[in-house]
Amino acid sequence: MYHERQQRELCALHALNNLFQDKSSFSKSQLDQICQNLSPNEYINPHRSILGLGNYDVNVIIAALHMKDCEAIWFDKRKDPSRIDTSKIVGFILNVPSNYKVGFVKLPIQRRHWIAIRQINKEYWNLDSKLDAPQCLGDESSMLQYLREQLQSNDKELFVVCTGEVDKTQQWLLPDNEQR
């Protein structure tokens, strides 16, 4: 199992590489180029940290996923995650608040953190780059319960990652009467 650990503010890069289980899926230079392409005439790029250390926004993640013929679909947290047909998706990217630290000192700055969740060998894994090792969430039922708990918070967002073809036909979403 591949698990990139947190470096600087590169959680979006780590989440993408962890999601695709490949260190070479994306590089910092590729994500920086995406930022440049998204805002070519901006002196200070709005899609990443002003210092160029990462902290990429959702637009960069979506553009990167397009390079793999994938889509990031925002999941309406008013719906239950059991509406997701997990057999049709690549995985999930969860966006959560994160405190900003310098050494051991927490600063009163709120940042965002990207986390990949996916199935590997019939179990679901939290591949958060801030964890020392991947966290096993268990089977589909346990993973869905984990997502329900995460989505109870107003400041967390879930993106379903699937291929472009699955997105076009909305195969990732089960009909209302077919929840798992």
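Positions of Cβ are set from backbone N, Cα and C atoms, glycine also.
As given in TrEMBL:
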| type | residues | note |
| --- | --- | --- |
| ACT_SITE | CYS11 | active site |
| ACT_SITE | HIS113 | active site |
| ACT_SITE | ASP128 | active site |
| DOMAIN | 1-176 | domain 'Josephin' |
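Summarised as a single figure, the pLDDT of the domain 'Josephin' (1-176) averages 86. Among the listed active-site residues, namely CYS11, ASP128, the Cβ with the most fellow Cβ atoms inside 10 Å is that of CYS11.
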